[in-house]
Structure formats: structure tokens, C-alpha cells
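Visitor: Please find one structure pasted underneath; my questions will follow.
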Amino acid sequence: MEWGHRVLGRLIGLGFVVPLVYFASRRMLPRSLARNLSLYALLIGFQGALGWYMVKSGLEDSLLETPGAVPRVSQYRLAAHLGTAFVLYAGMFSTGISILTDWRWAKKGVWSGLKDTGSGAVWKSVLENPAVRRFARYSKVLTGLVFLTALSGAFVAGLDAGLLYNEFPLMGGRLAPPSDELFSPLYAKKPDGSDIWWRNIFENPTTVQFDHRCLAITTYFSTAALYAATLRPTLRAALPPLARRMALSAFAMANLQVLLGISTLIYLVPISLAAMHQAGSVMLLTTMMHLLVSLRRPGAAAKIWRQTQMNARKARSS
């Protein structure tokens with residue numbers, strides 16, 4: 001698994017950097033796009049270095065001397081590695097989808113499922129609607145919450161916190177473990193115990209699992225609220241069709257992700273379910289990124305191309 005992961009990471013780097021150098025050297029990319037893609041290329045390199053930094057934390061000499069010892073990487077480095085991967089994926093996905101939507105609008109006059117017969121009257125009227133603007137702000141906050149929830153899952157994995165309290169929604173027959181277990185003084189390293197709060201949040205498996213549960217539940221109900229908002233007649237009439245579909249997709253994916261999370265917990269974290277649960281977090285983030293792109297104004301190049309086409313049609317008609 002480790003070897004395959006390394007090889008796949010190198011293939012991703014080559015598959016991204018080589019075409020980027022080719023298209024950029026032939027000046028086939030807009031300057032802003034070339035800059036963004038170059039940043040992603042640097043981020044791929046940083047991700048590889050961060051991956052080795054993470055692996056290094058589990059390669060201790062004591063492992064060779066202790067019978068039955070299992071290598072364990074730092075949960076902090078694991079979370080950083082996963083978080084960087086999510087940022088990289090979200091950037092690549094949103095860039096690709098934005099290019100496709102810009103092309104569709106520039107060539108066919110279709111924006112987020114709406115037909116635009118002019119040079120932008122449709123998307124301008126939609127995005128200037130106060131209800132749509134509030135919906136877009138809420139969607140951005142929810143996307144950040146999805147990312148934070150996924151990041152907390154890395155701490156759960158790094159500390160094997162999923163092997164504790166294998167029941168839901170209770171933890172040991174109650175909604176929350178005892179406070180002295182959530183904030184145990186055993187995890188404090190300073191003599192005055194001033195680091196008891198943050199060390200328990202990031203190093204206590206019980207607290208880590210409880211935090212992940214709270215974030216997951218908050219994310220689920222927030223996604224449900226987002227979808228419920230699209231059912232209101234005024235907002236439903238104002239939102240473009242693609243945005244409504246993505247809100248529904250996000251809610252559907254949140255339901256599936258909750259089921260995968262509970263199943264992973266109850267069945268003592270089998271690799272298959274754990275992998276599906278992690279993939280579910282990627283899919284939920286994907287739907288939220290697609291929702292944000294559906295409420296994005298066309299890029300400058302698409303506007304110029306669209307305006308040029310409109311001028312050419314007017315010239316032919318006259």
C-alpha cells in the first residue's frame with residue numbers, strides 16, 4: 001500500500017507538470033491560468049515533501065528493537081498531509097469545472113443551466129439578487145465546514161480514535177463522555193497544566209472522536225438547511241438549475257457519508273469502510289465546490305469571447 005501510494009503520487013506529479021510545461025511554453029494558457037496551475041505544481045512538490053516528513057515521524061529506531069511494534073505517524077503531520085491533498089484537489093477540480101463552464105457559456109450561452117441570449121444579462125441578474133448572494137455566502141461557509149470535518153477525521157485515523165466508543169449516537173451510554181475523560185490532565189505536558197485544553201483536543205483519542213462527531217453532525221444539519229433553503233419559492237425561483245441540483249446532491253452525499261461514518265464506527269473501522277468514508281468526504285467536498293462554481297461569474301476570457309461572438313452576429317444581421 002505504501003509503495004503503491006508513492007508511485008501514484010509520482011505519476012500524478014508527472015501527469016500534471018509535463019502537460020503544464022508543454023502548454024505554458026507554447027503560450028496556450030491565459031496568464032492567470034498559467035499562474036494558478038504553476039502554484040498547483042509547486043503544491044504537488046510540497047505535498048510530496050510533506051508526505052515524506054509524515055512517514056519519517058513513524059520511522060523510529062525503537063520500532064526495530066520492540067517486538068510486535070507497529071509504525072505510527074504523527075497525527076499532526078497526517079492531518080497536514082491530508083489537508084494539503086484536499087486543498088490541491090479542490091483547486092484542481094474548481095479550476096477544471098470553471099474552464100468547462102466558461103467554455104459552455106462563451107460558445108453556447110449556457111450558464112448554470114440557464115440560457116443566456118445576450119452577453120451576460122442572465123447571470124448578472126441572478127448573482128445580484130440579495131437572496132442568492134446570502135445563499136452563496138452560506139455555501140462558502142459550509143464548504144469550509146466540510147473541509148474542517150474531513151481534517152478532524154485525519155486526527156481520528158492518526159490516533160485510532162475510531163476504535164473507542166463503537167456506538168452511535170451515544171458514547172458509553174451518554175451523549176458525551178465525562179469531562180475528566182474529555183480533558184484529562186494526563187495529556188498536559190506543562191507543569192502548570194496550561195496546555196490541557198489544546199493537547200486533549202488534538203491528542204486525546206476520546207476528545208478527538210467526540211470533536212469529529214460534533215463537526216460531522218453540524219455539517220450534516222447545515223447541509224440539510226442549505227437544501228431546505230432551496231425549497232423556498234423565492235430562492236428556488238432565483239437560483240439557477242445547476243445550483244439547485246448541487247444543493248440536492250450535497251444533501252444526498254451528506255446522508256450517505258453519515259451512514260458510512262456510523263457503519264465504520266460500529267464495525268470497528270474495517271479498511272474497506274474506512275476508505276469509503278474517506279472517499280465520501282472527498283465526494284461531499286466535490287459537490288460543494290461544484291455548487292460554488294455554479295454561482296461563479298464567467299471569467300474574463302469567456303466574457304471577451306462571448307462579446308466577440310455577439311458583435312459578429314450583429315454585424316452579420318445588419
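Heads up, the Cβ atoms here are built off N, Cα and C, so glycines get one too.
Annotations for this protein, taken from TrEMBL, read as follows:
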type	residues	note
TRANSMEM	6-25	transmembrane segment
TRANSMEM	37-55	transmembrane segment
TRANSMEM	75-100	transmembrane segment
TRANSMEM	141-165	transmembrane segment
TRANSMEM	215-235	transmembrane segment
TRANSMEM	247-269	transmembrane segment
TRANSMEM	275-295	transmembrane segment
Visitor: What residues elsewhere in the chain lie close to the transmembrane segment (75-100), defined as a C-beta under 8 angstroms and at least 6 residues from its ends?
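Guide: Non-local partners: 33, 36-37, 39-40, 43-44, 46-47, 50-51, 53-54, 57, 147, 150-151, 153-155, 157-159, 202-203, 208, 282, 285-286, 289-290, 292-293, 296, 299.
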Visitor: Suppose I define contact as three or more CB-CB distances under 8 A, residues 6 or more apart in sequence; do the transmembrane segment (275-295) and the transmembrane segment (141-165) meet it?
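Guide: In this chain the transmembrane segment (275-295) contacts the transmembrane segment (141-165) - 3 or more Cβ pairs sit under 8 Å.
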Visitor: When each of 6-25, 141-165, 215-235 is checked against the transmembrane segment (247-269) for Cβ pairs under 8 Å, which one has the most?
Guide: 215-235
Visitor: Which sequence positions outside the transmembrane segment (6-25), separated from its termini by at least 6 residues, show Cβ-Cβ distances below 8 Å to it?
Guide: 34, 37-38, 40-41, 44-45, 47-48, 51
